[in-house]
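Engineer: I'd like to ask you about the structure that follows.
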Ligand SMILES: Cc1cc2nc3c(=O)[nH]c(=O)nc-3n(C[C@H](O)[C@H](O)[C@H](O)COP(=O)(O)OP(=O)(O)OC[C@H]3O[C@@H](n4cnc5c(N)ncnc54)[C@H](O)[C@@H]3O)c2cc1C
């Protein structure tokens, strides 16, 4: 969802004389456990719509109507109607990362020729320096770092006027939910907001210079980049972030922290590739490992206590309360609550991944499911790390500031 550095958009406008822009928006979250749709968390939905409407407004300024379509049972018939009405022969889109996107593309393949572009990646897939993707991250990172060849950014294309007369577009109601005053993620969706955040984190506040020291903190807007949701929705490309960091390093300073943000982008890259390779295995209990699946007790009451932040552990509760109240949780928090669900409560990791999918503003199919597999010990692990929430709380919330913020003044709810 962006105009700048968008290979699909560039390809479409460069190669075809008429372009009909269509954006498909999910209103529900899929659950990969039983195929039933679940309601999407309100903060995730709001951010998604903000981003979509921002793109629509940007295109409207160029005399272009963006057709917004709901991802529901009418989607494929409507796409067919659009193809017929505008005599569409080619579809250009991002490389699909999820099964549902793949299915939509499958249906489009029957109507038009389809071209996919790698809009989400840092390194082009056919330029990866391996024949087989390493099973763990470190060899992947080392090999990529030694051969890093990031593509040039694409220009904003010369856009061609298109009027849809609102015949096909679905309407969406953007509901503005008040942001929690303690939210670490009080940002708005959209391309302009994404650049504002990137600019602030690097150039204005220079918070990036301390990223390696602050990234495990829990309170506030600037302990980490908060770029995840913009990357997940494509309001920013990883290529743009990469060049912004390189630019900053050249003009201001290069240190361990600036490197570490790039390091995290490589985790993102790795999980995108792992998920593409693993396909639907990422939703299976044994993940991508060929071991026998663990047995879980799956106590529903304990799961509900986890979801609502009412477990026996204040550190877990604080994180879950923040999550439901804002749609965001720090990486430290995510690792802890996931580990607690799987290893302490003995609940199927996929229940947790599904709950995250519902609420996370930065939900990304590959990052969510691969991180959950990792914590559950069924992903790209060499060892199975179990977090001790008491020690984690002592280390990362020594003054009880975070637990007090979300659980009440004494940090014990
Ligand atoms: C169980 C679990 C589920 C997660 N689900 C998601 C998800 O759905 N979407 C998502 O974007 N991130 C997910 N993460 C990864 C990580 O927690 C978030 O990317 C990060 O907290 C977002 O905040 P930030 O942008 O400030 O991160 P920063 O620390 O500033 O990191 C910069 C960027 O690097 C990437 N990154 C950081 N950590 C990771 C990681 N562990 N794996 C892969 N890429 C990473 C992200 O794109 C992030 O925006 C998950 C982590 C866990 C443990």
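Cβ atoms here come from the backbone N, Cα and C positions, even for glycine.
Not my notes, these are from TrEMBL:
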- 1-133: domain 'Photolyase/cryptochrome alpha/beta' (DOMAIN)
- 211, 224, 225, 226, 227, 228, 362, 363, 364: FAD binding site (BINDING)
Engineer: Just to be sure I understand the packing, how many Cβ atoms besides its own are within 10 Å of the Cβ of residue 364 (FAD binding site)?
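Structural biologist: Here the count is 23.
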Engineer: Note down the number of other Cβ atoms within 10 Å of the Cβ of residue 362 (FAD binding site), including every protein chain shown.
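Structural biologist: There are 21 of them.
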Engineer: Tell me the Cβ contacts of residue 225 (FAD binding site) under 8 Å, same chain only and six or more apart in sequence, or just say none.
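Structural biologist: Long-range Cβ contacts: 197, 198, 201, 207, 208, 211, 261.
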Engineer: Give me the long-range Cβ neighbours of residue 227 (FAD binding site): same chain, 6+ apart, Cβ under 8 Å, in sequence order.
Structural biologist: 194, 197, 198, 201, 236, 241
Engineer: Let me know the DSSP-derived helix, strand or coil state of residue 211 (FAD binding site), please.
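Structural biologist: It is helical.
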Engineer: What are the DSSP helix/strand/coil residue counts across the domain 'Photolyase/cryptochrome alpha/beta' (1-133)?
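Structural biologist: Result for the domain 'Photolyase/cryptochrome alpha/beta' (1-133), in helix, strand, coil order: 53 helix, 23 strand, 57 coil.
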Engineer: Quick one: what's DSSP say for residue 364 (FAD binding site), helix, strand or coil?
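Structural biologist: Note: residue 364 (FAD binding site) is coil by DSSP, not helix or strand.
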Engineer: Within 10 Å of the Cβ of residue 211 (FAD binding site), how many other Cβ atoms can be counted across all chains shown?
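Structural biologist: Result for residue 211 (FAD binding site): 22 neighbouring Cβ atoms inside 10 Å.
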